[in-house]
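Q: Let me begin by handing over the structure; questions about it come next.
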């Protein structure tokens, strides 16, 4: 009977039989049956069948167990061989028939379970004494594999199981040559992947062998209760061999029998259901591996000790997880943490397996000492594994190549450090008046940036509590995410918040140069282009007015956004390197990228919307490492969790608009009024340039300066467009252009979103975050045109041909363009350095008022300022200055859409108006009832303060009952409220305490802290060797 079915597996078997070589050197043994299991994945079955059919000794029956379910009914065929006999002239050789059966197997739990089920339904000859077990991906590596096993069986008739040497699919590198017992586990003492040089061929008696390619006597299977499928395919052979050894039987490895084992499921190229998986999309099988090892370990211990073993397992799992995170293996770390809980679910199966072991155990452990690996052997084995991995994973460089790369490294970092130092010096020169007083009891401020006098504790409370303390007596809205960044910086300054603000302001200059220098290094290795790109990025920060207005959130974006994007490219191996080093993916870079996105997104939450689209583009353009890419923006989303939850929960009320705000106070020159901007209007608003009305306006010095910026930016956009047609780094260019398009779209949308209602009118969102994102993409694409720009390392002593002159000319042109653009931006930034009132102040409430506030955290003072035209401005003071930490974009959006009804803030507005109109005892009494302990009337010489209104306000407050003037100066007058005793003067903080002790707040902070710590463990660089790839 022949195979005539249409199923794929039948066609594979038919082709293998048809292509079987005709030879008289083969013979068949009637007492051996070969069993081959196969699933949906048929990629390796043809070679396995061909190798089996080429054996010098063939089994009389070959049973193929189809576990895929595609075989409806069993199919059988056969073929004949004519062996060569010794007396060929005296007797005619008799043909021997080989039976080939295809049998359906359903619901097999493991390899051995499939073998047991197929033997119950297959037509196996009763004379069968031995089973030759094979996976579809484990083929005999030579033609004498089965012959070597049968010879070993005849020479060692007491052997209960004979295993083969396990090699890779090509049959040249080792996987295992038997295994030895260790501390509740088995170990091969073979370095997986080392070349097969017959160095282990003296092994005979071992503790365990793999069932793939093993020769198993039929009576062995029934002697110890059979193979337990509960252990799974990976570890069922170890348990089976353990029971054999504990039962006094011999397990023998036959090194001369060589099995080439692909280990498809172990290596993740086959799914749990048996489906094929491409090598590039291989899954991580750590969960199954660790689960099998854990099953073996627990069943090797007396069940009475399991509770203590489980508690110890919790501690060991935590320590192992941390170690694996340091080794940049986060998924295996997660699997390790899951193991103790998986063990609880496997107790019934473990009890059954333990019972099987005890039932057959007649040999004590100490009698198995020759089959046990001691500590010295295991230490030597680990040392050989480490040495082999170092040799395989690292690029081995000769001294000349190492010297070349070291010289390039020194030059590259020297130029980068010089550019960063130049940016720092430029910033210090422009704002020396701020730096010289930054470490005194002062604070930075500008027209948009509020000063601060907050303590570190107050900052932590504001950054981590969904409560704004300085509006009325407090309102429940999400905290401003950027305060987390300020909190971390304040740790670096010893808890001095105002010093941390100055630190961000000045160190942002060199850091943003280095950040974009790293991003430019993704697409080019030209030192000149990279340095100029970094300086141009700093020049953009100047030209955008970020230093002129002390826009600390946007400076945070300028520092972290390019670096985060650069590390994202490096995470997927999409970057340029210098020969002889090759790019490779890096989970460490992915973790570092995720951490760098946190401050950028916390500073400007609207960036998260664009980053979602950008990472979707990454998934499209980069087919590998998709899970790693999805985990990069996760920590940033967790950091913004209160804001995101509030935006979604109250999205119908318009609270989603808070994503487009930041901690800066909206200003007409930056935010403007909400409207859809065209490209021209977007450029004017970005640089704060008034649109010229006539052509003659361009002839002025300011017009020439503005024209230089516009022209150079247009040329950079043109160069970026040309980069799209460059075949080299095409995927990187497409991703960078996706970044640019998302940035422009975000800027246009942000400009049309209402984020606040200010005295000048309705304020729109800032376009700067989107423009900065777009600038990252455009400058990166322009830098890509410079190419590799590095002369490859060549060991030949003779002079090599120079590169094509057009490449050098192109790089020189790009360098000149970048230099001109940098000069134009720095020129413009220098000219507007004092445009937005950036400065430093030490003024605030009088010392007596500050002492009063410092005594208790729930004390408040009302500050009033008459601004003329019958208007009054008020502010709730809980520190010595109107504080930055109480600036809330969420509150501004809610107030703009009328979501704040009947709040204490509205009541304070009415009371302030009453005091401006006339003396009002009831207003003072109401203030005292709210918990306020004083009033501070500002009377300075500022241009926006009305002297007449100030005098009227002072007279009315003085004439009101329950006030006492304490301190008066040219800056203002402080009144103490005397209706209530000082100890009882405090606001009602019950709602605030309820929010602070909310389980949701605790859960968010714990989750954020754990996630950041885990990502930090992965991102921390390991010890590097000289041969490893240089870090950029």
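Glycine is treated like the rest: Cβ placed from N, Cα and C.
Keep in mind that TrEMBL annotations are predicted by a computer and have not been checked by a curator.
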Q: Out of 671-690, 791-810, 811-830, which range is noted as transmembrane segment by TrEMBL?
A: 811-830
Q: Which residue range, 449-468, 529-548, 849-868, is the one TrEMBL calls transmembrane segment?
A: 529-548
Q: Examine the ranges 246-279, 348-381, 484-517 and name the one recorded by TrEMBL as transmembrane segment.
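A: Feature transmembrane segment in TrEMBL: residues 484-517.
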Q: In the same chain, who gets a Cβ under 8 Å from the transmembrane segment (304-325) while lying at least 6 residues past its ends?
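A: Apart from its flanks, the transmembrane segment (304-325) reaches 294, 297-298, 332-334, 336-337, 339-340, 343-344, 347, 350, 1014, 1017-1018.
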Q: Restricting to the same chain and to residues at least six past its boundaries, which positions have a Cβ under 8 Å from a Cβ of the transmembrane segment (737-761)?
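A: Counting only partners 6 or more residues beyond its ends, the transmembrane segment (737-761) has Cβ contacts under 8 Å with 565, 606-607, 609-610, 613-614, 617, 654, 657-658, 660-661, 665-668, 671-677, 682, 685-686, 720, 724, 767-778, 780-781, 889, 892-893, 895-897.
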Q: Which range wins on Cβ pairs under 8 Å with the transmembrane segment (413-434): 484-517, 554-573, 607-622, 704-725, 1003-1020?
A: 484-517
Q: Which listed range (607-622, 704-725, 767-790, 811-830) shows the maximal number of Cβ pairs under 8 Å with respect to the transmembrane segment (554-573)?
A: 767-790
Q: Please figure out which one of 629-652, 811-830, 1003-1020 racks up the most CB pairs under 8 Å against the transmembrane segment (704-725).
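A: Maximum Cβ contact count belongs to 811-830.
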Q: Using a Cβ-Cβ cut-off of under 8 Å, list the residues of the same chain that are 6+ residues beyond the ends of the transmembrane segment (811-830) and lie near it.
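A: Residues 426, 430, 526, 528-529, 532-533, 535-536, 538-543, 545, 547-548, 687, 705-706, 708-709, 712-713, 715-716, 719, 782-783, 785-787, 789 contact the transmembrane segment (811-830) from elsewhere in the chain.
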Q: Please report, as numbers and ranges, the same-chain residues at least 6 past the borders of the transmembrane segment (629-652) whose CB is under 8 Å from any CB of it.
A: 466, 477-479, 481, 484, 568, 571-572, 590, 593-595, 597-598, 600-602, 605, 608, 611-612, 615, 618-619, 622, 658-659, 890, 899, 1004, 1007-1008, 1011-1012, 1015
